[in-house]
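Dropping the structure in here first, questions after.
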Amino acid sequence: MSNITVTNLHKSYGDVDALEDVSFEILDGEFVVILGESGAGKSTLLRCLNGLTEPTTGSVKIDGEPVNGPRDDVGMIFQQHNIIEEMTAYTNALSGSLNRTSLVRSLFQWNDREEKLDALRALDTVGLLDDAEQRAGRMSGGQQQRVGISRALVQDPNLLLADEPVASLDPASAESVMGYIKDAADQHDLTTLASLHQVNLAREFGQRFIGMKDGRVIFDGYRDDLTFDVIDDIYGNIQTDAIRTGDDANADVAPTTSSDGGTDAAGGPDQQPASDPHLS
């Protein structure tokens with residue numbers, strides 16, 4: 001787990017301010033959802049947190065250390081998966097160990113036994129152990145995103161960032177993938193920040209919420225604080241009739257059968273498939 005301190009963060013691109021005076025602190029183990037319309041600054045904020053984008057002014061600290069570039073202890077899940085479609089789910093997951101081994105060793109699967117086990121455990125966590133040898137390009141969008149989650153887990157991060165991880169998925173697959181992200185965060189004790197624009201999903205899986213508008217943080221609170229008035233402030237006058245509240249939004253569920261074409265394998269992430277051919 002990691003704690004994050006963001007202080008007076010500002011990022012501009014020419015005359016355009018993507019982030020303005022953003023400050024907050026995330027505690028160890030929190031599952032935080034960043035809400036906001038497209039262009040609100042969510043992606044820029046996450047890229048500053050993982051060191052992919054350098055802020056114009058202000059600072060980001062993880063466990064008290066300034067973020068000055070990409071860090072091995074920060075895993076990232078992208079909207080467009082960023083997986084290699086010609087490779088199998090297993091090989092894609094194994095590539096998460098690149099921060100500990102060379103590209104050549106990873107491509108030829110010359111990884112040590114523990115790294116191979118890490119990849120299999122990660123695929124098990126997201127319900128894809130039985131599909132380890134399936135080529136990623138033949139998988140559904142939801143399954144591909146789950147491969148991306150497994151790759152991030154193999155990186156062995158303390159902090160997990162997810163940038164609109166379900167934006168391109170249908171509602172059922174989106175709920176499934178968010179369930180796996182929440183389950184992975186719980187099992188691996190990860191501090192997690194996920195940007196979303198689906199309020200229902202945010203309320204279902206989020207513990208804390210940061211609302212952004214025009215590059216600024218306009219809300220920071222918990223589920224009971226995320227009222228319809230707050231949602232209107234973040235998104236404008238949207239239809240709130242279908243937004244779930246109360247008990248309907250409190251199910252932190254990782255489904256055992258996925259709507260995106262995959263099913264959970266038997267056993268948990270600590271299961272060691274000692275006879276698995278990937279370990280030879």
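Heads up, the Cβ atoms here are built off N, Cα and C, so glycines get one too.
Owing to the predicted nature of the structure, the values given are computational and were not obtained by experimental measurement.
So Swiss-Prot lists these for the protein:
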DOMAIN    4-239  domain 'ABC transporter'
BINDING   Gly36, Glu37, Ser38, Gly39, Ala40, Gly41, Lys42, Ser43  ATP binding site
REGION    246-280  region 'Disordered'
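Set these features in their place in the structure for me.
Over the domain 'ABC transporter' (4-239), the average per-residue pLDDT in this prediction is 91.
In the three-state DSSP assignment, the secondary structure recorded for Glu37 (ATP binding site) is coil.
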Suppose the ATP site is Gly36, Glu37, Ser38, Gly39, Ala40, Gly41, Lys42, Ser43. Which further residues of the same chain have a Cβ inside 8 angstroms of that site's Cβ centroid?
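My list of surrounding residues reads Ser195, His197, Met212.
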Can you tell which of Ser38, Ser43 has the least company, meaning the fewest other C-beta atoms within 10 angstroms of its C-beta, among these binding-site residues?
Ser38
